[in-house]
């Protein structure tokens, strides 16, 4: 057959004498056996075998491989070139390729030459420069920030060759450090470790600039300045210096300067409120993480900017302190600054049940700081009243949840809730109120909470609902339970108009008005000449 090649013809094939005209793709397609035999014959040549071995050896050692297609620049007899079965000038033409549209189109590579070994490229690891992300002493400030700070420092220390005294340092704390002005005294003492009474420019730069305060956030700056150098936490005592400064300098507290005993009570109350809301671990050791998660630093800045201290509702309001202290004074009938169960049961016009008061004094929710058995001190009362009047806050929810969780397993069951509601039911009957059976109340509680597991209420469930406070009132505060069920629509509208106010804010506002009106009535009574026992009078 024309074009056919026998095995004997292939065996007698002499590659050196091979002379082939240009072959079209159609000719090879019609005789695929011929192309296969030609390749097998080429592959069996001694030069081809030597070339393959040299390429493999070069690949193992990582040397670059000689590329195919450089025969025009190398000697035909060189061992590095691929042995050719075609004489010079008679190589087959490249197959025609379209510039676009063909899947065979080869794009020009950018990067290492295709003539090099791919094994060589892969064997070299890519070295990426990772920027420093940990700084033992804090991240260094940008040069521009540092220079600007140094310029401001020079301006404040200009003309003070010997340095600044404490009364001249307040502008430095506020303008350069951006701290509340009442931090100036404690900051001055942190820098003036030897108690000289003067801070030089270089001393301030060493502490503030070289101490990397420029790159710290405000909460971290406050934390480092307040805490003791050898501590990694804040204690109640650490807040006393700034409270003394507030009491001596804030215009909204000037009237207290004639009554130092109540200055001390105000400072204590503010500190207790801070630790109640911020120190969520309950260890009396306030960490940097807790400080950053709180709104305490924002409240401090507000104190510095607001002349009316009562507008700073978080922690520092004097009216809030007034309410807390007067409520304690009302219950502490013998004024020994201690409260027992019989005193506390009178709280809120006998609003609480005996069973819940017993749980409070069992100290399952919080250990008393009072050293006398069966007695609650002023600090303990502050924690109690904030939890009672702000039951929907996170500290309040945790406090009352632990009181109701009789077995301490972290789950409230229907039996535990019924145990506390039984006394509520009895009180309803005594007050001629229409009693609500526990079965109906339980369905209402489950609907309000929507627990993840039917019949079991966890602390997480209580924190998810906005009605946690009402649930607690159902179980042990009859007055608030009845008040909620018969709420005035006007009060509901007021709550919606001021959603930022907490339950505690509203309670403190109402109580302050009531207490101030009572004080006014007492003043009128004293003016009429009636006998008044000043020892039993409220402290304000």
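Cβ atoms are placed via backbone N, Cα and C, with glycine included.
Unlike curated records, TrEMBL annotations are generated automatically.
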The annotated region 'Disordered' range in TrEMBL, which must be one of 13-63, 64-114: 64-114
From 501-520, 521-540, the residue range that TrEMBL assigns the feature region 'Disordered': 521-540
Number of helical, extended and coil residues in the domain 'EF-hand' (392-427), per DSSP: 25 helix, 2 strand, 9 coil
